[in-house]
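Structure first, then comments.
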Amino acid sequence: MPPFNLTSMTPATFILAGIPGMEKSHIWISIPFCSMYLAGLLGNGVMLFVIRTERSLHQPMYLFLSMLAIVDLMLSTTTVPKMLALFWFSAGEISFGACLTQMFFLHFSFSAESVILLAMAFDRFVAICYPLRYAAVLTQSAVVKTGLVALLRSFCIIFLCIFLLKRLPFCGHNVIPHTYCEHMGIARLACADISINILYGLAVPFAAVVVDVVLITVSYILILLALFRLPSRTARHKAFNTCGSHVCVILLFYIPAFFTVLTHRFGQEIPHHVHIILANLYVLFPPLLNPVVYGVRTQQIKKKVVKVLQKE
């Protein structure tokens, strides 16, 4: 049994159990998970390289897209390597500090990605509704400040979770029935009242993300109203295509996230291994599909990728 700090009853290590009831299938499950992770690394890496090397893409929309790629890489890399080590080598042991670090960057990435998606919606709103003011509003300074706001808001929301967990006694309980560390998964091991953790862990981050979703929805309602007022069908079609990629990325991010949260909180009849698989797909799908969506639907990126590959 791993050693414990007797003064705080904090375990020196936690044990990640993987997907309960499917331990014999871990190797087989790891094959698609590893493939999706590597494809996500490649896709986001190519996206960042193309945006970095092509000066014509140094525009707010593509700078926000590069931020999205970085956060996607953080989201998957925070969890998947340890998950694969668990599946392949039964290396489920993780120190208390490393578990809190993984939890922090997992939730931090989710919050930051939500802010970036809101910024991208605002970018499309200004570009379509106020095209003559676009260059004055979406300056490089504004893009940098938006990135800093995403970092600061995410840090402030998630950092308190660390203190809420460190105050809890665990009384020897250290097996987490999951493939990675997340706030409530750790808190449920405590032998003390965790009502504050439940309230804060659900209400504050969820409320922040809901505000983002509401603002994104309002932005697109205003965009649609502006599109229907355009006299030219060609201009309307071009604007729809411009927004289409972003709408796809929004749906890919929020639908699995909300479905995972709601089934975790209210879907008691759903088997636990289904919860865990859904949670794993949530950290794999957005990093995998976002570069595909933008690469296929955005002509500028598609042309630049082909150009870079031909040059290489």
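Glycine is treated like the rest: Cβ placed from N, Cα and C.
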Transmembrane segment per TrEMBL, picked from 27-50, 171-194, is residues 27-50
Note the mean pLDDT of the domain 'G-protein coupled receptors family 1 profile' (43-294), expressed as a whole number.
90
Honestly, do the transmembrane segment (274-294) and the transmembrane segment (27-50) touch, with at least three Cβ pairs under 8 Å and pairs 6 or more apart in sequence?
yes
Best-contacting stretch, by C-beta pairs under 8 Å, relative to the transmembrane segment (27-50) and drawn from 62-80, 142-165, 209-228, 240-262:
62-80
